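One structure is given below, encoded as structure tokens.
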Amino acid sequence: MRPQRTSIHAVSSWVRRQPPKVKAFLAVVSGMAALALLRFIVHDHDNLFVAAEAVHSLGISVLIYKLMKEKTCAGLSLKSQELTAIFLAVRLYCSFVMEYDIHTILDFATFITTLWVIYMIRFKLKASYMEEKDNFAIYYVVIPCAVLALLIHPSTSHHLLNRISWAFCVYLEAVSVLPQLRVMQNTKIVEPFTAHYVFALGVARFLSCAHWVLQVLDSRGHLLVALGYGLWPSMVLISEIVQTFILADFCYYYVKSVFGGQLVLRLPSGVV
């Protein structure tokens, strides 16, 4: 096991020494390689979206375990949970009035558990809540997402309010993890359960992004037309890619920490 750890450490040290442009290039190449692999081994790409929701649910389960067993919410961002509850509530509304399917049930279950996490942080475990570290102003993301939704939204036959609401939840989901990353940036040390939860979010975001990208490739671009006209189809893909890249840096250090045998994740200065 030690030679493997030594090799991983050598590779990670080499990557860390590279300039930002090289790191970005390596990230893009790694992402493309992962997409090519998924396209080869997963025949029904709709399964990627289901897998993304399953991984997200697994991450929330880890979070619930942390709150119930350790009786602490230290390191968790209440604001990220609130943003998650907001976009899930809006998406549930849109699903009921626009397109009800199995994903609506999964979203409802995630919404209920997210409300429970918010309740635990606000009331039951308030003494351990690191409010001074959770200092990301959520109106910095809510207001821009609302304005963007007013300007760029689906061009389908649904009611205008519903189309704007759908765009708003897509944009807000893309940036809902930012307060959690700010908390980790402020503390620099991330305990295991929180790290597992955020890593699960990163994996879920990548699988969801892979689902959309591969669906577009398989349909030779026809899926973009099905989503509507104008800038909206491109914004859907961009939102998925943004979510993935927001968490990519953290996921890199998480994997490095796990293979290095470290139980506590220590983030270098400037990460996330």
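For all residues, glycine too, the Cβ spot is worked out from N, Cα and C.
Unlike curated entries, TrEMBL annotations are predicted automatically.
Here TrEMBL flags 24-42 (among others) as transmembrane segment.
Look at TrEMBL and you will find 104-123 (among others) tagged as transmembrane segment. Listed by sequence, the residues of this chain that lie at least six past the ends of the transmembrane segment (104-123) yet keep a Cβ under 8 A from its Cβ atoms are 53, 56-57, 60, 63-64, 67, 73, 76, 78, 81-82, 84-85, 88-89, 91-92, 95-96, 129.
If you look up TrEMBL, you'll see 135-152 (among others) marked as transmembrane segment.
The annotation transmembrane segment is assigned in TrEMBL to 164-181 (among others).
Residues 31, 34-35, 38-39, 45-46, 48-49, 51-53, 55-56, 58-60, 62-63, 65-66, 70, 75-76, 177, 180-181, 184, 236-237, 240-241, 243-244, 246-248, 250-251, 254, 257, 265 of the same chain, all 6+ positions outside the transmembrane segment (193-214), place their C-beta atoms under 8 angstroms from a C-beta of that stretch. Residues or ranges marked as transmembrane segment by TrEMBL: 193-214 (among others).
Marked as transmembrane segment by TrEMBL: 234-255 (among others).
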| said: Within the same chain, where does the transmembrane segment (164-181) have neighbours whose Cβ lies under 8 angstroms from its own Cβ atoms, ignoring anything closer than 6 residues to its ends? I mean 6 or more beyond. | reply: 76-77, 79-80, 83-84, 86-88, 90-91, 93-94, 98, 134, 136, 138, 141-142, 144-146, 148-150, 152-154, 198, 201, 232, 235-236, 239-240, 242-243, 246-247, 250, 272
